[in-house]
Structures are given as structure tokens and as C-alpha cells.
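According to TrEMBL, the transmembrane segment annotation covers 32-52, 59-75, 95-122, 193-215, 236-264, 304-329, 349-372, 392-423, 443-469.
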Amino acid sequence: MFGATSSTCLNMFLQPRNGIFQMPDPAGWVQVFQNIVTVLVYGILFYPFFACLTAENRLVGSLLGFLYVTIRFLFKLGIEFQCMKYLKGEYQKELFYLTYLGSVPITLCLAFIWMRFGILLYREVRKKWFPSERRGGEEIRDTRLARETEIAHMRELLYPGSISGNMVGLNWFSTLLHCFYKPRKDFKFSTQFISTTLVSALMILQVFMAVLSLMDVMRRVYIEKYKTHGDTSSANFVDVLFGGIEAGLVLSAVISLLMLLHFMKCHREHVLQLYQGQAIYSKDLLLTPAASVGKSLRYSGYQIAYTLLGFGTLTTFLSTVVAALAIVFKSKELLAPELWKHLKETGIAILPTLALAIFLMLFQLFLTHFVFRYSNYPNITVTIDNRRLFSIMSYFFFFYNIILGLFSGFMRILKGMLLGVIFISRIDRSSLMQGFQAWDKAFVAYLGFVTVLVAHSHPVMLVFCQLLIDRKKDHQPPQDLPPDLVQTSQTQLILPFLSLCLSGFMREPRRPRMSQKAVNRWFLAVTLLRNPSFIKYRRQGRHFTASVVTLGSVNFDVPV
């Protein structure tokens, strides 16, 4: 569903002035008002997708959604194929075809939505006019808080290793996938995260195809122009230059997509850390609950914008480097002899300093491992052998390390620039140093998103709430319960305490031997002891001072 909106998001990002709502020569606050109205209009145009999917009356929602998507899908195809009649140039049609390839996934997403609404409409019509005898013509809806993913997570917590993946019997693709990414049955990505990542990938693909087609057409046009005038050297230079630019573009697109996949893996680790009450990646930045809710609203927009910005920056950097290397190694005759002479002299002047810095660094490593270290002691304690020599070398290296420090400083600048260009699209990693991470608004937005996500979808909380809901259904006879609750094949996955709770559907309710309030407090105490991260979400736990508490240090007696 969000994939169909990626083309609109890209147009708003690259051409904010070419929106639906336009004014002649807008300036100042008028331009700002125009952009606000344009975004509002786009939101209204795509809102029927969400409204029809979340409608209370599924029959009406699926019918209206199917009609709306059908009109939009046919209108989109008609406009795209109608534009082909007005393309008369030799390269215009080819440019249109190559650019259209970038929007094919978006069209497929729209077709998927159309088929989805069609399937929903078929199911609702069948339930309306051909009711099932087993359900007596009435649809029984039961919203389950704890689903298979949460149940598997609880099982893994109580029995570690119970759901670990078995490599036996997997095909070659699954075996290769496990080398890079290991799927987990107890974790499921959120809909918002998957939608944001999908839109980012589609926008990268669309920009890549558009720029690649434009570069290919421009290269052939310029080569043909120079060959017509008999300037073969310029034609070769243009061929090498555009070849390097296209190679940098392809490499940057591959790196950007791999970064998105690695971002998904890191996001899963961050969520699992927060499930355990740990926040290693954000230990220096703490957000209040109110700030987390507000910052989380920015995540999707920031992620898409930073992905496009990172792709553009990486494309510019890699295209420049690859084009320069291609010119140097393939077209040496295009560079002036004076330039080659100047580069050679600069390299010869820098080479002694570079060699000295490398020699000093290697010499210090040699002293560290073979002179100043006790060979009889394990490398777990700080020991110094030959202390007098160590003091003498510390004095002399005080001067030599200035040269090594200059070399290290330049390398630090280059490493920072390289990592900054590559990881600019990764908002889960702050590009600012420790202590200034709060200035990175994208990182703060991601932190707020993950915090809100974990607070409202923690598996332990969902299973605990599901147990409380199921206990209220003990008074219902089995024939009035949904079939998925009567069948205990899925509910038995939660272990003995959940099986005991769900087995109450088959027996008469009996009065507990203690008050319900005491039972609830006991469940609350056990839950907080096993999940300390929940304490800060309680009203009594806002000013809570953490202390080391374990189940073994708590003595409580429960009558049986």
C-alpha cells in the first residue's frame, strides 16, 4: 500500500514546486502555504486506501476500495501509455521506456492493492449471501493480542533454545540466507517499519533507473556529436567519463540497498535489546515518554528523506572517484604532461613522510608485543617489562609521535568523510560524537519510534494481557467461543501456565482460594521482576531507583 505512494513522495522530495496546487510566481509565505496544501491534497488522495481497509463494515469498505483502486489503476496506465504518442524523437521513447522501468514496482504495488481489495470483496460477498453452516451465518470476530510471534517469544524466554532454527533439511537458498540473516520465529517487523523500508527501496530504484537512462542517452548524444565533427579524442573522453559515472551510480545503488537490508537486521537487534530492558545503542541519550511519542511521528519521513539524500551523496562521491580513476588509467593522453609531472613530484614529496609514519607505527607495535610485555603473564593484566627502557622510549616518542599524529589526523579526517558519506542514510547510527547525539534529529526520531514500538508491542505485555482477557471468558460455554480458542494446538505453545489458564474453557469456574486482588498483585510482581523495563511505565515507578532484585531474593508463599 505504501509502495504505491513512493512516486508521489519522490516528486514532493525532488520537485516540491510542481505539485497539484500551484500559484503563478509564488514567493515568501505563499510558497510555504502552497507546499502545505499540496501535501494535504496528496494525503487526501491516498487516504481512501487506509479508510477502506479499516472500515467497520468490511463489505462496504472492500467494495468502495475496489472501485477506487480500479479507477486509479486504469487512469495511471492510460496516462503512461498515452504519453507515448507524443514522443517523436529518436531518444525520447527510449528514455521514456528506461524511466518507466523504475516505476514498474510502483505499478505492481498498485495492482497488488487492487487484487487485495478484490479478494476481500469476494470473501465478504460469499459470507453475506452464502453463510457458513458451522458459524450459523454470523461472523465471529475475536481480536487476539498475543499471536504466534508473541507466543514463540514467551516460549523462548522460558525455555531458551526451544525455537532455534534447524539447519537440517533446508535448501541451498535458505542455507545461504542463514549465513547473512537468521530469521526468528519470535520476532516480526512492524507494519510501519516494513512500509518505510519498502518505500525507500522503491524510490532508490526509481531514481536509479531515471538517472541511468538519462546518462546513457546523454553519452550517446555527445559521442555522436563529437564524431560528426571529427573530434575522436573528445568522444573517447566523454565515453570514459560517462562510463565512470554510470559505474559509480550502479555501485551506489547496490550499496544503498545493502545498507537498507543491514538496517533491518540492526533494527531487529535494537528491538530485542529493548525487550530485555537494555538500550546499548542509545545509552547516552534518554527521552521522556512524551518526547518519545512526539519524535516517533518523524521516523518514516526522516528515514525516506535520509535514504534519498544518502543515495545522492554516495552517487556523487563514487561517480567522481570512479570517473577520475577511469580517466587516469584509460585516457592518460587526455591529461597534460605538466599535470602528470606535478602529481609525480607531490607523490615523491609525501612518500618519505608516509614511510616514516608507517615505520614508527610498526616499531611501536614491535616494542609493545616483544619488549615491554611479560611473556609469562597472560594478556589480561597491564604489565610492563623493562621499565627504564619504557621511560626512555616515552621521552623520545614524545617528539616522533608528532609526525605520526599528523598522519593519524589526516587519516581520521578521511575515515570520517568516508563513513559519513556511506552511513548518512542510516539514522539508527548517530553521525555526531558522544555527548552531541541529541543534535541528530533523525537519530532521536528513530529512538522515539523504537521506544514507542516496544512500549505498545512488547510480547510479555501482550501475552499477560491476553491471559487476563482469557480468564474473563471462563464463564462462557465452549460452544460460544471462537474455534481458535477451543482448539488448543496453538495455545499449548505458551507453556504450562498458559495451558492451565486456557484449559479453564472446559471446566466450571471455581472460586479461588485467595482474593482476586492478591492474585493480580502476585502476577504483577512476577511480571515486574522478570521484566524490569516495565517499571518505568507505571505511575508508581516514575521516580523508581533501580536495584538488583532477583526471583531468588524474594520469598513468597502461594497457597495451592
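Glycine is treated like the rest: Cβ placed from N, Cα and C.
TrEMBL entries are annotated by machine, without manual review.
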Contact set, same chain, for the transmembrane segment (392-423): CB under 8 Å, 6 or more residues outside the stretch: 255, 259, 310, 313-314, 317, 353-354, 356-357, 360-361, 364, 367, 429, 431
Contacting positions for the transmembrane segment (59-75) when only residues 6+ beyond its ends and CB under 8 Å are counted: 48-49, 51-53, 110-111, 113-114, 117-118, 120-121, 123-125, 128
Beyond the flanks of the transmembrane segment (236-264) by at least 6 residues, Cβ under 8 Å: 181, 189, 193, 197, 200-201, 204-205, 208, 211-212, 215-216, 218-219, 222-223, 226, 307, 310-311, 314-315, 317-327, 330-331, 334, 422-423, 425-426, 428
